[in-house]
Amino acid sequence: MDNKDVQSSLTGSGKTAEFNFLKSNLLNSNSASDTDISTVTIRNKHMLRYVVLIILVISTYKSLGSDLEQIHPVLKYRSEGYINSYPEECFDILKSFAEFASNFTLCSILNARPIRLCEHCVEHYVRFHDKYNELIKTVVNGTSCGSLFMSHDRLNVVKNYHDGISGLWVGGNCNDCFIWNNGSYNAKNDTKKFYKMFNDTMECIVFNMDFDNNIVCEKCMQNYLQLDEFYKGLSKDGIGVDSMNATRYIWSKNLNCCNLRRTPEVIFLCCTGIISFLPIMYYLAVRFCGPIRDLPNVLKESRFKQSILRSINRRSD
Amino acid sequence: MSKSELSSIVETSSDTAQLISTDDASTSNCAQLNNLSTDQNEDDEIQGSHGVRRRQPVQKIEPGSLNILSAKYESLDYDTCENHLLLDEERKRGYTFVVWKDIARWFIVLLIGVITALIAFTIDICIEEFSNIKYKQLKKSVDKYILLDKLYIPYLLWVLTNISIVFIGSMLVAYVEPVAAGSGIPQVKCYLNGVKVPRVVRIKTLFVKSVGVITAVVGGLAGGKEGPMIHSGAVVAAGISQGKSTTFNKDFKVFEYFREDHEKRDFVSGGAAAGVAAAFGAPIGGVLFSLEEGTSFWNQALTWRTFFGTVVATFTLNFALSAYHGHPGDLNYSGLLNLGKMEPFSFQFYELPVFILFGVIGGLLGALWNHINYKLAIFRIRYISSPWLRVVEACLVAAVTATCGFLMMFLLNDCRPLGEDPTKVPLQLFCADGEYNALAAIWFQTPEASVRSFLHDPLGSYKPVSLLVFVLSYFLLSTWTFGVAVSSGLFIPNLLTGAAWGRLLAIVIQYMLPSSNINPAKYALVGAAAQLGGVVRMTISLTVIIIETTGQISNALPVIITLVVAKWTGDFFNEGIYDIHIQLAGVPILPWEPPPLTHNIYASEVMSHPVFTLRTVENVGHIVEILKLVSYNGFPVVDPPLIDEAEVPTYKRLRGMILRSQLIVLIQNKIYNENANTTWSNLNVDMNMFRKEYPRYPSIDELDILDWEKTCTIDLRPFMNPSPYTLPHRASLPRLFRLFRALGLRHLPIVNDVNEVVGMVTRKDIARYRVWRHHCHMGMEELLLSSEI
């Protein structure tokens, strides 16, 4: 269900390496969610390991790069048109923007499965978003900082990262979970309520896990139905889609609580039988009981040939 | 007077002898004529003289035969009657009138486009809204009763809803206007071919058709609204261009100059094209449709005007729909049947055989579809003729369709998680929470939306088993539905069936080649095209329509290959479904080309022989007598014979042609003189007198003619067409055919060497030579005529 989201956001940032990493992570998580929820923590550990690995790789590369600089000549000047250096303010903003972006990325990857991105990373997102706006709006010497870093080359790194992260956020419908007030945010009442009900239900299920399935169903039915009703009542599928989906999945597939629905429905089958039989009756009745009609006559055509023949016959008579 | 005319049937004459003797000097015709005359009784002849298959003559025919032409149908007259009145009118009006008429033509085409689109819009919105209400309510009921173990309640509710909705539509069709049944494309095709199908372009038909199609689709039948849209467009065109309504007895006194078959047929072809454009959002497809399916007489100006009409229709509909759906001003909102914009799919050389295979399958399935429908149609003609039986049948079809859908949802538990595909009414049924029944989603929406689902959903959306069951049941349901007394078309059901089996094959291919990345949309589209092509056997227009509805020109090659192969495969077994229904109705339709190998069939054989002629100055009593005696519509006007001998009737020299309708108008307005020798004054007679009655003239029995009037005389010369197209009696059948079809003639007098009328050729005389080609054999047969079918 979130496979698509992740893929789209990744194609946005265009990083295949990350993609592969995430994919494997995702596969892990998929198989994990099938078996048990308690593996969530274990999975997080897995992910941490990956992240640590990546950071290690990056840092070694960095140190490698500085080493290389001493051995091989590199492009040294970084400024607009490579002559004038950037204003310091802009560069500072850019630096913190980069930092926030990486913070959010880290947070979002860690909260990828199950999706807790909205509630856990909102802080990072807000900082990132604000910094981006600052970058765009800050004007030094008549040019905005944004224009210095954006739309000047093919890669357009800053813009691409911003779009990718925004895309992730919007794709998760995270904005719907909060009430926004001039940059400050508060979780909506609906969101809070949903979290609470969700937690109750899951607690109930986890708590009763050791018993027979039927007992779990019976005990948690109340909670589950409330949650389900509440979820259906929510206007948009923004809040907790995936949590709800997972819960439903556990409820009906793992615990098999939906089997109450399946019933033989004898009367229904009888009705269909009767109705399907009606046309056959109708056609047989029409075929054998209908009135016998007179068949249409063929029209005598008058042709030249006939009249000649007739006249010849007459002449010979 | 009349005696001498009628006696030409029984008596031979010097002219007959003359005809034979002239042939003697010429070519093989003589041998042939002699051959014929040596046959003692021509009725015994089973094998015609030129390999023309002629069946054992019978007195009675079984209804539901493909080999009978109905004598009831009349032709449209595409030829202008250049009589004195027309000349007068031209002289009076001058070039201003020509310009004015041209402007009026464009204006009418504009109106046709707009009104057709608005009708399409109304139908579309009604269907959408009513379906929405229906399915929402049903979903509620299912959700409620499934937990109570009473699934039969929503089921019976569904059946009853369908039956009651379909009942309204089929009552209208069966009792009010039977010609509105079905898709209407066969009728429009006949009309454009030049056959006057009674009541096909009336306002009443339009009403019944519109309401009928709404009830049919909302009633859940396996039918579409595209065919009826084309018919509606044709009716709109015929109505507007005439500036009057005979049904409401209202004459708006405008566009009188368009009240003739020629102009009306041109407008109807534009209207049908506008209907296609509105139905599919395919302006070019519309133009090509009326070019391919219908209009035998075509010119460039008409093409251009028609194109204008289709574009207007498309964009009016877009505008109306976009306004309705909350994007006013967006002219890009596509037509009724929107297959959804498709990505251009890539195809490789090695895929072409796959497309050919799809075409073959489509052709085979289409031929089977046609055969089943043909058998059903015969059964209906023979046993289900009374209106109430037809209504009952329609209701039964509605009930069984609902049963089929419900059983499928019940038995095949094909569950899909919510939220991945856009489903309007997701029905959980026995699925887990958070899932919906994929088959219920297909059944709980209009067929158009289902086609879109099949084309655009990802590969794993449907289980192969559900697809297979769906294909089987929908195939049978749609062929059963077409021909029932409701007005619904067959485009959508066939597209749906085809898309379903195309998708099924895509799954099979994916299963066989797990490494490849199969695009289900491509195969579903090709499958849909193949199935539809196999049933209707259209080529050019269907290709363009599919290209336009998917918005991808790059898909043209696969679609064309598939359609051509489907048509060839299907033609191996039987005709296209429209042709089958046209043949069952016995309509004398002329195909694109004359029958091959028929240059040795001469006009003297094709023509009807004893011709009823009128003299230039004719006795009213005689005219009335002839009109009452025969059902012919055209009468050659001839010179009076030099010697008026009753015993020796002669062929007489042709002076012109006059139509029954003209004669009736003349008699009705009493344009005659007591004395034949008084000078004629026609000051108060003009073309409008004839146009006023068009197109429904009173029959001769409705006129009351006093006895004294019968002795009066009419001078026919100012009213007749003084220079009708004629052919000599030695003209061959292909020559006759070409002249007839290309010029859209109604009557073609056959003359001998001295321009004396020896016979008359009408559409039925030519249409009775029909070529058949099936199962690798080809031949020509001569059809029988009957006035009782």
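Heads up, residue numbers simply count up from 1 along the chain you see.
Including glycine, each Cβ sits where the backbone N, Cα and C put it.
Under the heading region 'Disordered', TrEMBL lists B:1-54.
Among the features that TrEMBL reports, compositional bias 'Polar residues' is placed at B:1-39.
Per TrEMBL, the feature transmembrane segment maps to B:103-130 (among others).
If you look up TrEMBL, you'll see B:151-176 (among others) marked as transmembrane segment. Long-range contacts of the transmembrane segment (B:151-176) within the same chain: residues 134, 138, 141-142, 144-145, 204, 208, 211-216, 218-221, 387-388, 390-391, 394-395, 397-399, 401-403, 405-406, 410, 484-487, each at least 6 residues beyond the stretch ends and with a Cβ under 8 Å from a Cβ of the stretch.
Per TrEMBL, the feature transmembrane segment maps to B:267-291 (among others). Same-chain residues lying 6 or more positions outside the transmembrane segment (B:267-291) and placing a CB less than 8 Å from one of its CB atoms are 108-109, 112-113, 116-117, 119-120, 188, 191-192, 201, 225-226, 229-238, 240-241, 258, 298, 302-303, 305-307, 309-314, 317-318, 334-338, 491, 538, 540-542, 544-545, 547-549.
For B:303-327 (among others), the entry in TrEMBL reads transmembrane segment. Cβ atoms under 8 Å from those of the transmembrane segment (B:303-327) belong to residues 105-106, 109-110, 112-114, 116-118, 120-121, 124-125, 233, 269-271, 273-278, 281-284, 286-287, 290-291, 333-336 of the same chain, restricted to positions at least 6 beyond its ends.
Among the features that TrEMBL reports, transmembrane segment is placed at B:347-370 (among others). The list of residues near the transmembrane segment (B:347-370) in space but at least 6 beyond its ends in sequence, with Cβ under 8 angstroms from a Cβ of it, reads 475, 478-479, 494, 497-498, 501-502, 505, 509, 522-523, 526-527, 529-537, 557-558, 561-577, 580.
Taken from TrEMBL, the feature transmembrane segment applies to B:391-413 (among others). If you look at the transmembrane segment (B:391-413), the same-chain residues 6 or more away from its ends with a CB under 8 A from one of its CBs are 151, 155, 158-159, 162-163, 165-167, 169-171, 174, 219-222, 380, 384, 427, 429-431, 437, 439-440, 443, 463, 465-466, 469-470, 473, 477, 480-481, 484-486.
Sequence annotations record features per position, and here TrEMBL assigns transmembrane segment to B:465-485 (among others).
The annotation transmembrane segment is assigned in TrEMBL to B:491-513 (among others).
Marked as domain 'CBS' by TrEMBL: B:720-778.
Assigned with DSSP, the residues of the domain 'CBS' (B:720-778) fall into helix, strand and coil as follows: 16 helix, 24 strand, 19 coil. In the predicted model, the domain 'CBS' (B:720-778) has a mean pLDDT of 89.
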